[in-house]
Each structure stands twice: as C-alpha cells, then as structure tokens.
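Let me begin by presenting the structure, written as structure tokens, before commenting on it.
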Amino acid sequence: MSKPAILALEDGSVFHGTAIGADGQTSGEVVFNTAMTGYQEILTDPSYSRQIVTLTYPHIGNTGVNSEDVESSSIAAAGLVIRDLPLLASSFRCEQSLSDYLAQQNVLGIADMHTRRLTRLLRDKGSQNGAILAGPDAEGEDAEARALEAARAFPGLKGMDLAKVVSCAEPYEWSEGEWTLGSGYADVSQGDRPYHVVAYDYGMKRNILRMLAARGCRLTVVPAQTPAEEVLAMNPDGIFLSNGPGDPEPCDYAISAIQAFLETEIPVFGICLGHQLLALASGAQTVKMNHGHHGANHPVQDLDSGRVMITSQNHGFAVEESTLPDNLRAIHRSLFDGTLQGIERTDRPAFSFQGHPEASPGPRDVAPLFDRFVEMMRHRR
C-alpha cells in the first residue's frame with residue numbers, strides 16, 4: 001500500500017507524491033541533477049550533504065542497488081525526488097531495490113512527482129530550501145503548513161561549513177584501484193607506488209582515490225581539520241584537496257593549511273570544493289550560484305588547447321573569475337554559463353578543477369588531470 005509524501009519549497013510551492021524509503025521529515029537545499037545514470041553514486045556523494053536531490057531523468061531505480069557503486073559508506077543526500085520508481089529492478093549486479101536501500105539508510109524519498117515542473121522552477125528561481133514529509137507525517141489537514149514551516153526553517157547552505165562534518169574522523173591508508181568486470185576493484189597494495197599523496201577528506205568520493213591509486217599513488221587520507229605541519233611531517237610527494245559539501249568560505253582551517261602548502265614546492269591538486277579552497281587560499285573569492293551545476297553532460301573548454309570536454313559536475317558555489325589575483329590563471333571555463341572551471345598558480349606547482357574528473361557517474365574526458373598531477377610529482381623528484 002502506497003504512503004503519501006509532500007515536498008514544500010520556501011517560495012510556497014507544494015508538491016504531492018508517493019513516499020519511497022523512510023517515513024518522517026527532512027529538510028535541505030533542493031537541487032536538480034540531469035544525469036541519466038548513476039543514481040547510487042549521486043546519493044552517496046558526500047557533496048550532497050544537506051541537499052534534497054531531484055533527478056530529472058524520469059525512470060530511477062531500474063537497476064536497483066549494489067554494494068560496489070557507492071562513493072562513501074552511506075547515503076549523503078538529505079532526500080530524493082524522482083518521477084517514476086519502476087516496480088522491478090533488473091540487473092545482474094542488483095542486490096537490493098532503491099526503495100529498500102533508502103529505508104535501510106533512513107533516507108526519505110518522494111516519487112510520482114512532476115519533476116519537470118519542479119526543475120523549471122529551480123532553474124528560473126534558483127535552488128530553494130525545502131522539506132519532505134513522508135508517511136504518517138504527510139497526513140492531516142495541516143501537513144502542507146508543517147512542510148512549508150520546515151522548508152522555511154532550513155538556514156540554507158550559504159555560510160555553512162559541512163566539510164568538517166562529513167570528513168573522516170581519523171587518518172587511513174587507501175589501496176583500492178579501479179573496477180573491472182569480473183574482478184571488481186583491484187588491490188594495488190602490492191604494486192609499484194612511487195608517489196606518496198596526502199589527500200584531505202572534505203567529503204571525498206572513493207573513485208577519486210581509486211584513480212589516484214591506479215596511477216601509482218600511495219594514499220594517506222586525513223581529516224579536513226588536519227594541521228599543515230602534521231601533513232608536512234608525512235613528507236608527501238603531493239597534496240590532494242578533495243570535493244565536499246557546503247560553503248568554502250567558512251573553512252578557515254583548510255584555507256590556512258593550503259596557504260602553508262603553497263609556501264613549499266609540493267604539488268597541490270584540488271577538485272570541486274578543493275578547487276574553491278585553493279582559490280580562496282590564493283586570494284580569490286567565491287560566490288553562491290543561482291542553481292549550481294549538477295549533471296554528467298557539462299561541456300568545459302580547456303583555455304590553452306581549445307579542446308572541449310564533457311564533464312561531470314556537482315557544485316553550488318563557484319570561484320569568481322574577476323577576483324583572480326596575478327598569481328592565478330584561468331585554465332578551464334564552462335560552455336554552459338561561462339563560469340570558471342579551472343585555475344593554476346603561476347608561481348607554484350598547484351592547480352585545480354571545479355568539476356569531477358573521476359566522473360562516477362559520467363564521462364572521463366578530464367581524467368588526464370590526474371596524470372598531470374602525477375607528472376608534477378615526478379618532475380619535482
């Protein structure tokens with residue numbers, strides 16, 4: 001028997017649908033993602049912390065869920081909004097249905113939604129604070145009013161430091177390589193790993209670590225608030241700054257650590273939130289975007305070669321190109337809206353990219369950035 005669910009937005013919009021997953025109430029910033037595949041990777045991406053994700057592709061859950069296609073240990077998104085949940089999940093890798101997976105992780109979802117209407121609203125008005133009520137919480141004459149109250153009570157992501165919330169609690173080593181059919185994820189612990197990389201976990205996606213490990217990196221992952229002196233004492237060949245959720249500006253601990261690294265000649269590579277933090281540490285500024293970039297088909301141009309790459313994106317903040325100091329150079333730009341996508345320091349071996357070269361989900365056109373990072377470490381030796 002189906003259960004009711006309500007999605008309310010801070011502007012007063014109310015949507016009714018069917019509850020999937022857990023019962024109860026959740027709130028967060030409502031965003032939309034245009035990727036056609038990879039819903040499990042999207043849900044488990046820590047960058048979606050405190051966000052309710054609307055998937056624009058109409059059929060979600062067709063292939064179920066498995067234990068391999070995860071980017072973290074649990075679902076990070078605050079909620080899920082979809083058009084249609086198929087009754088049957090069909091895949092030789094399927095271990096669980098999407099609805100059971102959501103319920104097991106105590107995450108709310110709403111199906112049978114007019115996602116096209118919702119997406120157009122978010123596109124035109126910008127990302128909205130919202131709330132989902134599911135199951136018994138969505139019943140009663142005052143349900144809509146309670147949903148609206150919860151939506152308007154959410155403080156929004158501007159000024160919210162979430163990197164230290166989703167980060168690991170203790171340092172750990174990583175030795176899992178890339179996935180292949182029939183073999184799963186490779187164990188690279190016994191292989192040749194000439195480069196020691198210390199990776200800051202601001203909300204790390206696992207596929208980033210896999211792609212670095214596959215390129216000969218011995219990885220030590222450290223919590224977001226690890227002081228620079230502790231990292232430098234590890235004598236790394238390179239320092240990686242991960243993706244993550246929330247506003248980069250409140251992350252003073254990260255910015256000060258990166259500034260210390262930039263006083264050395266150690267190569268630094270940042271992705272997503274790490275890109276924004278590198279920019280802030282170098283003197284640039286960031287801005288909250290209207291509705292952000294969330295999808296797997298975003299064209300980005302390499303400003304040096306002119307080459308266009310299709311990229312995976314997931315961010316609601318961006319570096320303001322007009323604020324770049326003289327020691328920062330723009331190297332990538334979005335062909336959707338012209339926003340800055342990549343920077344490099346002109347005086348230090350440091351660069352970053354706003355999108356996700358590791359994909360998961362999405363294309364790997366930008367994966368050579370990992371090779372560039374490895375080459376920088378090789379050149380420094």
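Just so you know, the numbers here start at 1 and follow the chain as drawn.
Placed from the backbone N, Cα and C atoms, the Cβ positions cover glycine too.
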Of the candidates Ser47, Ser67, Ser72, Ser73, which one does Swiss-Prot list alongside Gly244, Gly246, Leu273, Gln276, Asn314, Gly316, Phe317 as binding L-glutamine? Ser47
Could you tally the C-beta atoms, other than its own, that fall within 10 angstroms of the C-beta of Cys272 (active site, nucleophile)? 29
Taking every pair from Ser47, Gly244, Gly246, Leu273, Gln276, Asn314, Gly316, Phe317, which the record gives as binding L-glutamine, the longest CA to CA distance in angstrom is 13
How big is the gap, in Å, between the Cα of Gly316 (L-glutamine binding site) and that of Glu358 (active site), rounded to a whole number? 18
Rounded Cα distance in angstrom between Glu358 (active site) and Cys272 (active site, nucleophile) is 11
Cβ atoms near Leu273 (L-glutamine binding site) (within 10 Å, other residues, all chains): 31
Under 8 Å Cβ to Cβ from His356 (active site), same chain, six or more residues apart: give me those in sequence order, or none if nothing qualifies. Lys205, Asn243, Ile271, Cys272, Thr311, Ser312, Gln313, Asn314, Gly362, Val366
Only counting partners 6 or more residues apart, tell me which same-chain residues put their Cβ under 8 Å from the Cβ of Gln276 (L-glutamine binding site). Pro248, Gly270, Thr286, His315, Phe317, Ala318, Val319, Gln354
